[in-house]
Every structure is written in C-alpha cells, then in structure tokens.
Amino acid sequence: MAADKAASKYEDVFEDGEVPKEEKTVHRIRANSTIMHVNKILVANRGEIPIRIFRTAHELSLHTIAVFSYEDRLSMHRQKADEAYVIGKRGQYTPVGAYLAGDEIIKIAVEHGAQMIHPGYGFLSENADFARAVEKAGLIFIGPQPEVIEKLGDKVSARKLAIECGVPVVPGTEDAVGTFEEVKKFTDKYGFPVIIKAAFGGGGRGMRVVREEADLKEAFERATSEAKSAFGNGTVFVERFLDKPKHIEVQLLGDNQGNIVHLYERDCSVQRRHQKVVEIAPAKDLPAHVRNAILNDAVKLAKSVNYRNAGTAEFLVDQQNRYYFIEINPRIQVEHTITEEITGIDIVAAQIQIAAGATLEQLGLTQDRISTRGFAIQCRITTEDPAKNFQPDTGKIEVYRSAGGNGVRLDGGNGFAGAVITPYYDSMLVKVTCHGSTFEIARRKALRALIEFRIRGVKTNIGFLTTLLTHPTFQAGSCWTTFIDETPELFDLVGSQNRAQKLLAYLGDVAVNGSSIKGQVGEPKFKGDIVIPTLYDDDGNKIDTSVPCTKGWRQIILEEGPKAFAKAVRNYKGSLIMDTTWRDAHQSLLATRVRTIDILNIAKETSHALHNLYSLECWGGATFDVAMRFLYEDPWDRLRKMRKLVPNIPFQMLLRGANGVAYASLPDNAIDHFVDQAKKNGVDIFRVFDALNDIDQLEVGIRAVQKAGGVCEGTVCYSGDMLNPKKKYNLEYYMNLVDKLVALDIDVLGIKDMAGVLKPQAATILISSIRKKYPDLPIHVHTHDSAGTGVASMVACIMAGADVVDAATDSMSGMTSQPSINAIMACLDGTDKTPGLNPQHVRALDSYWSQLRLLYSPFEAHLTGPDPEVYEHEIPGGQLTNMMFQASQLGLGSQWAETKKAYEQANQLLGDIVKVTPTSKVVGDLAQFMVSNKLTPEDVKARASELDFPGSVLEFFEGMMGQPYGGFPEPLRTNALRGRRKLDKRPGLFLEPVDFAKVRKELTRKYGPVSECDVASYIMYPKVFEDYKKFVAKYGDLSVLPTKYFLSRPEIGEEFHVELEKGKVLILKLLAVGPLSENTGQREVFYEMNGEVRQVTVDDKKASVENVSRPKADPTDSSQVGAPMAGVLVELRVKDGSEVKKGDPLAVLSAMKMEMVISAPHNGVVSQLQVKEGDSVDGSDLICRIVKPDAK
C-alpha cells in the first residue's frame, strides 16, 4: 500500500476544487486551504522537532498526532498536536525506550487514522527496520527508502559508495569492526591520530579521538559501549583523524523520480565532543571552487543510491582546502533551519509533499531556481552548565522570556515557565536562528537575541554562546571542529546575573520565615516612606541637591597632600567636627546594622549640608565585617558608592594598626595591601590605633598609610579615668605615647576615648599638655556619651586646644553613641570656635535620621539614659550595644547587670588592659564566659589549667594582639595556655607574608574573576567572605533592596519598587503565600514582578524544625564534656573511637562573633558523640564522653 502511495501522481494527491461551507472550527479553517488528499500525520519524536513539523503540517492542512512517553506527559509537543497519545503503559518503557518502541508507535498511528509518519531526527529516524515496518503497515514513511537508510546508515557501506563514485574519503577501515585487534591492525598501518566512530548512528555518540596508542583500548571500549547503548549495535569503524578541519554539510532533497537538488552548504565546524553547537549557512570562508566541488559530489552520491526525501551529505575540509566525504545522514538535521532561512524553502514541507508523491519540479524546486540570500546562524540553547564541563542541569524553569524581532526565528520544545527539565532526554531548550544580509549582521542579531533571553531555574549555555559569538576566530568564520576544545578562553564566561529571581528568592524566604538578620527583634516601627529633607540657603532659596557639592576640605588633600591638609586644619580659626553618624553612631546604637542604601539616600544632601566637616567617619572597624557577615553587602561597594555621591568631604576610616580591620594581627604585607586598596577606593584619613597602644603594632599601620599616600592620624587609646591616681594610665603614660607617635611623623594626633570616660577636667589637662608641647600638631578627639558628659568633655577639648571633635546627628547621638552635633554647636555659639556649619542644615539632615532610626528599631539596645557606671566597668560604647545583643543570644539577657560587673572583673583578671577592639572583645568574651559558667575571678585563677577559655582570650594570652602595658598577668597566662606558645614581640614578625598570587588563584577558582578588594576582604575575614559569597550566589546583591523589605515582608497586595541599577526598576507585589507541603516542608510564594506572576519555592523552616532535647553534661563526672556556652558547632575534630590527649581540641563552638575550642579534659577515647557539625547547643549540653584508657 505504501508503495502505491509513493507512486501516486501529483493530481491524485493535490486538489484545486472548492470546499463546501461547514462549521468554522480550526480543523475546518485549515481544510479550507488544503492542497493535499493525505490528511493525518504522526510525528514519532519529542521536543522541538515535532512542534516544527506540526507547524508545517498545519500549514499544509494536515491533522497532527503526537506521541509521548509517560515522563513527557507535560511536554509542549503534546499540546501542539491535534491529538496526543502516550506510548505504552506507565512503566512499560524507559523514558528513551518509549520513543524507540516502533511497533507501539505504528500501532497508535494505525488506530488513530494517521496516513504518514515523520520520524524527525534521532530515535527511529535512521532505523531501516522501522521505516520498513511503517510501509508494511500501509503508512507513508517520510524519509528515504528502507534499503537506502540501511546502506547509508552503515558508515562503512557509505564509505565504499563514495569510493565507487570517485568522491575523496579519509583513509579508514574497509568494513565495520567489532574487535580491538582489528582497530589495532589499522593503527599499526596508518598511525595516529585516529577517530573511532559508531558504524550505525551519529550525534557524537560512540565517537572517540585517539592520539596515542596508550589510550586506544580504553577509547575503543568506551566507543563501542556508547554505540551499543545508543544504537543497539556496537560495531565501529576507524579512520585517520584530520587536525583542525572544517565540517561542511550539504542539504539534499530527492523525489521519487530520481531527481536530486542541493540547497547549498552549512558550516557546522563549531562543535563540542563532535556535537554541533553553532551552525552557519552558507560557509563563510570556503573557496568557490571547493564549494562547487563539494556540492556536485554530494548530488552525485545521492543520485547513485536513488536518494529520496531530505538528507545531508557531510564532508571534512582540511587546512589545505582538500575535502573528504564522511557520511550521508538519511534524515532532516537539527540545523536545517539556517538552510531554510537563506533559501526561503520549507524543507519539512518539501519532505511531506515528496513523501505524498510530489516531484521536485512540481514543487518548484529545480536547481536553477534555488539560490541563497544572506547568511543565517543557528545557536542551540541547552540546559547545560559550561562552567562544569557542560554538565546537564535539571529542575523547574522558573522564568522563561524569549527573544524575537526582525530576523530572529525560534524553534522551541520545552522552553516555558513551569516546565520541568528531566535528566532523561537531550538538554536542548530552543534553537535560535538569525538571518541577515551579511554574516556580521546575522552574528549581531544572534548575539542580541541571546542576550534578550531570560531563563531562570536551570543553568543554560547562553553565557558560553555569547562568548563564542564574540570570539575573533568565530567573527572571521574560520572555526574548526575542535575549536571549542582548544580555546580555553571561551570559558571565561559572562554569566547571567539572574538578579530579579535571586531577589525574589530572598523576598520569598522573608515572606515565609521572616527576617533571618542576626540580632533583629520584631519588625520595624516605621512603615512609611522616609522623607528626604530639602535644604535652603540663607536667602531662602532651595539648594539643588540633585548633584553632589564639590566644595570641602577634601580638595586640599587631593591637590596638596596630607601635610598641607594637616597644616590647614591647624591654621583653621574655628573648630572642626567629624560626623560619626555613618559609622560609629549606628554601631553604638543599632548594632552596626545601617545598610548602604540608607546612607546613599541622604548622601548628596549631606555633601551640601556638612561641606565644612573635617571628615565623615564612614568605613572600617566593625562596619567592614558586619557588612558582609550580617547585611550581606560588599563594604568596598559601599565605599565606592559613598565616594561618588560625596566627593567633597574627607572620608575617615578606623584602622586597627597591624590588624587592619581584623581582630588579630596579620602579615605586614596584608596591611599594606589593604590600606592601598582603601586609599584607591575613596578613604582619605586613616585613624590608626592599636588595642593595647603597642607602638610596634601602631607603626605597621602608620607606615602602610604613609606608603599609600593617605592622611595618617596616629591615635592614642584613652582608657580609664586619668584623674584616678590608682590607674596606671596617667598623664605621663599618655605623653610618652604621644612622643612616640610624633616620632613616626604622623599628620594628625587622634585621642580615642572609646568608653566615654574622658571627664571634662581630664580632657583639659591632657589636651592642654599636648598642645603646649606640640603647638603645630592637629589634635582630633573621639568619645562616647555613655556617661552623659560627652558634650562637656568635647567642648573642654576644643577650649584646651583640640582642632577636631567627634559628634553625631541629634537622633543618633547620646548614650553609647557620640555627643549631639547641635548641642556642641550650641555650646560653641558666641565663641571663636564655631565649626562653620549651618544649624538649619544640620537639623534638616537629622529629620531623615530620626525617621531612619525607627526603621531600625528591631536593633535598638533600649538604653534609657546615661550610664555613669561606665567609669567602673569601662565598656566601650560600641561594644556595650553589641554585648547586650550577644548576651541575649547566649541566654544571658536577664543577667545583664551581672555581665557588666563580670566585665570589670575580667578586665582586672587580664591586667587592666586598654579596651578597644579587639581587646575589648577579649574582656567581653571572658565576662560572658564567666557569667555563663557561674565563675568568680577566684574560680578563673584556680581552674585556669582546665577551663576551655574563649579563643579570643587564648589569642590575647599568646601575644597575638601585641604586648599589654605592664605585661601579662601571671600565673593566669601560663596556666590558661597549657603549653601553647608565648610571643614577646609583635605577632607580625612571626607570620609568613601573604602569597597574593596564590590567594588570587584560589579565589578565582572558586568564584571566577575577583578584584583586589575581594582579595583584601578574604585576607581579613576568610570564612566571613566565603559565607558572604555563598549568600550572594543564592540571593544576589541585596544592597539595592529597601530596608523595610529587607527586614520584613510586605503586606499582601502591597506594591513596592526596587532599583537594580540606574534605569532598571522592578515593580513588585506580594500576591500570596501558598500552603505548606507536608511532603517537602515547602511553600510556594507568588509575587507579581513588572506585571508578570512569578513564584519561588521556599523551605518553611518552622515546619522542619525538630525540638532536639540533648542530655546535659554532669559537672561531677570528668569524662563528660559539655558545651561551655550556647552556640553552634562550626567544626568537629573527632569521631567516636578517636584517641585524644588532655587539651586536644574536640570541637569549635561559635556564638555570634565569639569562637572557642572545646578540648579534652584528660587522655582517653571519644565515645557517645552526641553532636555533628552545624548543630545548635545550649550551655552544658553533652558533647561526648572521654573514656580513660583504664576504664575501657
């Protein structure tokens, strides 16, 4: 029957008559334009090719049938057909096996009245038995005759055919071979390199290039195994491998009367592992005489076998433009679309009509009427990750936005939002075909189209394709088959930022689980939009704050340098102020949680209102690591953005001497590198201090600043009450330290009163003494208003000769913060020491900060007033707020008064040290450790050799923070260290210099291209930086998200905007939070983004929380090891059965920023381990038992 149909005359198949009127259904509309008697076609394939065929079939008025596997039941090709039927029963076939079940597919076709079967490509398309069975069932097979498929499907037979026709071939085996010995015989004769190819199939499967004999056996076994798995036949053939050839293929069409035409050639040289990635038509740099010869030989080969329907003859062209026949593929190719674009011929339509009996002449497809116009490029977008060796990715497509426009054609399959990409099938999502009058126009269209795509939820190769299309070799059209493998720079990918979907993932998490920002209690009190103040000049005219002010003290630094700046400050007739609102004020009051976006929102207004500031303190210190650790922001990005908006006011940072901005000493070259980066990115003045006033430590930071060209403010840390004769830190001590700093050629002297214990009288004595001795030295004084005497002390400093004092905007001043800027200005009003600021402008700025403080209310320390106790406990202002948070986190909130007393005791235990980060942290950690474990000072001294002290305390005792004035307390130090090293010089002398090249290489390996700022961040805080990068990889850059939505979820239906960058704004609205899935513990969160509904899947952390009740360690049983305090086990160093000695580390416990090692109380074997890494534990929770050897 099939033979009869194949021989039908044109008149029997096509008609021109009118069709009587019937109901206007889709099928009837198509039928009204019918030109064929055949009316039903089944496509035995999946993905994009059935959809491509259905579209043409519908244009030819055909009724279409799709078949699908159970796993493909939600695929798009099923929906594009008029009818669709599952292949077999669920579980009857494997996902791929279903599409190879020829008998079942033919059965479906017959049952449902199909008259034709199109095999597409792959699967059964080159299976002669299937073609024969189709015809035997009385159906039309759209493709070559079965015997032709058989002949050409065997590459050895095709090779013999080429030799018979006089077409050049690459030297190879005469027949298919199935044993290693036969392959070895060929290589012994022809040498290497060779290529092993599956004899019965293509697509790169069963193909291996072998360059050395040592790899031959393994390659043969892999190729035969792949071939057998993919095509059911493991035989292969072997031929010489050509280096850097081009892969040229010719599109052929043949009818049932022996007529053959070519549709010109395609350049398919851009391949990976022998699979085509990008194709071009026509070939760009093929000489005309070679092109003509290839085209003629392709037609000659097809005619020699009486080829019917569409097929492709494939050739290799070497560097000398010699060409060699490879094979003929007896089917339509993936890349047929580019030939259609340059010829204007619908190849699928020709296939169907030829199968139905039409001749090429009847279709108008004679060779003289076929020509090309312009160029076309096809790119295959796949769900593969180029960064992981093109590993296929699976999952749910969350967002799918495709390209379009002039000259862009898309042939897609399962590319749509909500589609689930399974591991069962080819990873191709869509073919992008672009046509232009020239190759360059086509290339640019393809590039533009690729960039237009937005595919989220699965990895794609789009970044790789864009890199490929912009490579000079591709632009020249001179690629070869191994170009991708031999061009590593193609993998320097420009990845998609995926900003919007990552942002939604964070917003979804907040909607389900609430904010996860450490230290947050409740939601912001302020729910509205913060009003930006308007500034007016003295005449009442509005000041234009749309652009930053350029007038300010920074110009002197930029134009004349640090020394000239210092001289100008000293010569200034009034006093100057440094505003701490952007750093220390919010560190002291709001746990350092103010975000970049809220500083930038008031930045330009600040540049105008406070243009006469000495400086803005805005960077360094705790803000550096907190930005990454808790706010998930890049501190360097903050610095650069602030600098851009405030170009006129000097920026000051806090530099912890030889520590940089870390909590322990680092190699000297790390400090030099960090300071250099800070200067380059916008810091002008470096306030260099050391937590112990160790001059050797100070010198490291001072020298680094001087090398970088910054203003060096060498700083004395003021500790305790100088008026108290019992304190060792007296006037003589401070004057000696000032002498040493002056000897280091500092530009400005800083006095850092971090606890706010500098009383007005002490201030007068200290500052007047320095001024008398050093009349030309600029003096800058910093304090905290903890005791309520800050304003009086700062005014006393000014009157005694200080040039600069610190203050904060009114709403962010007082208590543990700095004194009020307006209060200081009021006190100086009427004197010759006014700071040159407009009080109205200062108050206008404060209106912004008063609103903002309410926005950050979840981080308030809830201090109710001054704390005169500070003269006793001496807790620095910034630390006091943080300690309250830590105490709450550790379950010590109700014991705050006890903690403050313990701080005083801990300070005395450590030798009455200078307390500023990081030494203040040492005192604080020890104090909380004492309260948590109910230890008195006497207990600490008596049990020092057995207590697991916090890590910071042990580092202090080791000397890692420098040498304290008066020495270390003994025997406490020795007992606590238990044999650990004791440094008697600055730690940097014992540290190996940082290998920057090694660090860069490692960071690049982990994260791709990194900046010098990234390197600096990593060196300061390796773990914090790594955690920050992980967070950003998951949620993106959240610094652009308004704080209200960073800390709390919006109301249902509330619309808000997020500006990703200038001119790119997301309009968002929370629509719904779905129900909890009992199976997964997840919820779907639905947002509207720019009018498009998007959903994200979020783990409901409340649903998955298990209440784990751990046994407590018995303090009377020395074998039981308990957690010294509540925290998270970040590292476990033992397992059950581990042998340990007394003092060996068992685990590392982290509580907020404090880490401590849990050590073995005695020799023995670990047993009954109760925990694993990542577990949260409470104080005294049993960690494990250490069984003594004699107890086993």
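Here the Cβ of each residue, glycine as well, is placed from N, Cα and C on the backbone.
Features reported for this protein in TrEMBL:
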| type | residues | note |
| --- | --- | --- |
| DOMAIN | 37-489 | domain 'Biotin carboxylation' |
| DOMAIN | 159-356 | domain 'ATP-grasp' |
| BINDING | ASP584, LYS752, HIS782, HIS784 | Mn(2+) binding site |
| BINDING | ARG656, THR917 | substrate binding site |
| MOD_RES | LYS752 | N6-carboxylysine |
| MOD_RES | LYS1153 | N6-biotinyllysine |
Students should find that the Cα atoms of ARG656 (substrate binding site) and ASP584 (Mn(2+) binding site) sit apart, in Å rounded to an integer, by 14
Taken over the domain 'Biotin carboxylation' (37-489), the predicted model's pLDDT averages 91
For LYS752 (Mn(2+) binding site), the same-chain residues 6+ apart in sequence with C-beta under 8 angstroms from its C-beta are ARG687, PHE689, THR715, VAL716, CYS717, TYR718, HIS782, VAL916
The rounded CA-CA distance in Å from ASP584 (Mn(2+) binding site) to THR917 (substrate binding site) is 13
Around the Cβ of HIS784 (Mn(2+) binding site), other Cβ atoms within 10 Å, all chains included, total 31
As a whole number of Å, the Cα atom of HIS784 (Mn(2+) binding site) is distant from the Cα atom of THR917 (substrate binding site) by 15
Row THR917 (substrate binding site), column other C-beta within 10 angstroms, all chains, value 23
Row ARG656 (substrate binding site), column other C-beta within 10 angstroms, all chains, value 28
If you count the other CB atoms within 10 A of the CB of ASP584 (Mn(2+) binding site), including all protein chains displayed, you should get 29
CB neighbours within 10 A of HIS782 (Mn(2+) binding site), counting all protein chains shown, number 27
